[in-house]
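Undergrad: Please see the structure below; I have some questions.
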Amino acid sequence: MRMKYVLTEVMVGLWRNVTMTIAMIITMAVSLFMLGGSGLLYQKVSDMKDLYYENIQVSVFLKTDVKPEQRTELETKLKGDSLVKTVDYVNKDEAYKRFQQMYQDAPDLVNAVKPDQLPESFRLTLVDPEQYKQIYSQYKDVAGVDEIVDQSKLLDKVFGVLGGIQTFALAISIVMAMAALLLVANTIQVAAYSKRREVAVMKLVGASNWFIQAPFVLEAVVAGLIGSLFGLVALIALKTLGGGGSLSALEGLISPISWGDIFLVFPLMAGVGAVVSAITAWVTLRFYLRV
Amino acid sequence: MTKTYPKASRPSLDNVSVSIEKGEFVFFIGPSGSGKSTIIKMLLHEVSPNKGRVVVNGKDVTTMRSWKRPHFRRSIGCVFQDFRLLPNRTAYENVAFALEVIGKTKAVARRVVPEVLELVGLGGKEHRYPHELSGGEQQRVAVARAFVNRPLILLADEPTGNLDPDTSIEIMRLLDRINRTGTTVVMVTHDSNIVNQMRRRVVEIESGRIVRDQARGVYG
């Protein structure tokens with residue numbers, strides 16, 4: 001009977017102040033959506049870092065007029081270097097193929113470039129990608145070497161942008177969470193006010209504190225959970241609708257977000273939504289009801 | 001004990017010491033602001049004295065942790081001048097509510113509530129709402145709610161303050177009947193008529209001090 005009483009009170013409470021409930025759910029949903037998005041991005045970025053930094057390459061481009069013996073000498077030297085894990089030689093044809101592939105969306109550019117114009121190169125993977133500087137200073141003046149490029153520099157930029165987006169989403173999530181928090185506090189105050197007579201009687205006859213507080217706290221928790229569900233729906237919508245649009249531009253760079261990822265991030269959203277609501281409601285009650 | 005409220009120029013209760021035996025019927029009388037109501041609040045553990053101790057049912061309320069308060073309150077029934085009934089519940093529901101929120105089942109309520117409503121003289125009016133009852137009847141519902149849990153003590157803070165003299169006497173008869181079941185009754189009032197008729201112990205308070213403590217007293 002007590003459970004039934006509490007649940008009825010929760011439902012009545014949510015209906016009594018339905019506009020406020022909706023406002024609470026919407027802010028909660030946006031906040032948790034942003035939180036979920038930020039969580040997904042964080043997860044993706046760390047996945048990608050593992051993946052890319054594993055295969056990170058340093059390209060040693062050769063001069064177009066490089067002599068075959070210079071090339072062989074360099075190759076032996078690189079292969080003997082303890083900092084270098086693998087050495088991969090890319091000749092002009094190979095380079096042209098890669099170039100074609102990379103710029104397949106820009107046929108004009110591809111047509112304008114002849115295989116001859118592209119430099120040969122050695123692609124190195126390093127034992128420790130951080131030691132790029134040593135490789136650079138060691139080989140930049142070797143005969144036949146034109147330029148040494150570290151791809152991790154490029155990646156750092158990409159990750160910088162992604163990290164920025166993630167921080168932005170997190171910041172919005174926090175701002176919205178504060179708005180949601182205030183709404184929860186307000187809703188609970190209104191609810192407590194409209195039930196002040198009942199609460200006074202309950203305190204008088206010795207109802208336990210948890211019994212007085214439970215309907216209010218659960219009211220906030222239910223709103224938080226509904227909010228997190230809407231947040232989940234928004235994430236799903238973003239994946240289904242956004243997948244074909246602007247997000248596809250990033251495909252190939254970002255490993256695609258799977259359904260599994262989304263459903264993994266949901267418990268985080270639901271948990272944060274429920275716990276934050278519960279704590280806010282409880283703290284509000286402590287000030288407002290003094291129970 | 002002594003109680004000084006913050007911002008008050010003088011103590012609300014100044015070095016007051018009073019002992020009430022089990023089963024007694026005591027009136028606290030005195031003008032408004034004399035500190036009568038503070039005594040009720042202390043017995044309920046709503047306020048604590050600055051100095052001294054309050055012992056209720058053998059428990060030191062002064063040192064009681066606030067989380068123990070709910071359970072402590074179950075041994076005390078309360079009646080107020082303004083009845084404090086829930087307007088959207090019937091007489092029966094008002095009394096049953098007090099039972100249900102302390103964890104009693106509906107079955108218990110179905111057995112006990114009609115009994116206590118009968119005791120306070122409201123048999124047949126169980127399903128009326130407070131606004132359908134007279135002031136005296138509303139106060140009977142409040143008494144029924146206070147008594148349904150068979151408390152050791154019944155506190156009544158000006159229970160006749162809103163009632164006409166005849167109705168007041170009926171309520172007093174009811175409190176007297178409850179007192180005869182062994183329940184200690186502590187009543188705060190300034191209704192001289194009632195005090196004079198009942199001839200019970202009277203403790204008079206003025207400006208926070210006890211000026212009289214008389215068995216079988218009158219309002220004076």
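Just so you know, glycine gets a Cβ as well, placed from its N, Cα and C.
Because TrEMBL annotations are produced automatically, they should be read as predictions rather than curated entries.
For reference, TrEMBL lists these features for the protein:
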type: TRANSMEM; residues: A:21-42; note: transmembrane segment
type: DOMAIN; residues: A:56-148; note: domain 'FtsX extracellular'
type: TRANSMEM; residues: A:168-193; note: transmembrane segment
type: DOMAIN; residues: A:171-286; note: domain 'ABC3 transporter permease C-terminal'
type: TRANSMEM; residues: A:214-238; note: transmembrane segment
type: TRANSMEM; residues: A:262-285; note: transmembrane segment
Undergrad: Short question: which residues 6 or more past the ends of the transmembrane segment (A:262-285) have a Cβ under 8 Å from it?
TA: 28, 32-33, 35-36, 39-40, 43, 177, 180-181, 184-185, 188-189, 192, 213, 216-217, 219-221, 223-225, 227-229, 231-232, 235-236, 239, 291
Undergrad: Which residues of the same chain, at least 6 past either end of the transmembrane segment (A:168-193), have a Cβ under 8 Å from a Cβ in it?
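TA: For the transmembrane segment (A:168-193), the far contacts come to 13, 16-17, 20-21, 23-24, 27-28, 30-32, 34-35, 37-38, 41, 199, 216, 219-220, 223-224, 227, 276-277, 280-281, 283-285, 288-289.
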Undergrad: Tell me the residue counts in helix, strand and coil for the domain 'ABC3 transporter permease C-terminal' (A:171-286), as DSSP assigns them.
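TA: Residue counts in helix, strand and coil order: 101 helix, 2 strand, 13 coil.
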Undergrad: May I have the DSSP-based helix, strand and coil counts for the residues of the domain 'FtsX extracellular' (A:56-148)?
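TA: Breakdown, helix to coil: 44 helix, 22 strand, 27 coil.
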Undergrad: Summarise the model's confidence over the domain 'FtsX extracellular' (A:56-148) as a mean pLDDT value.
TA: 80
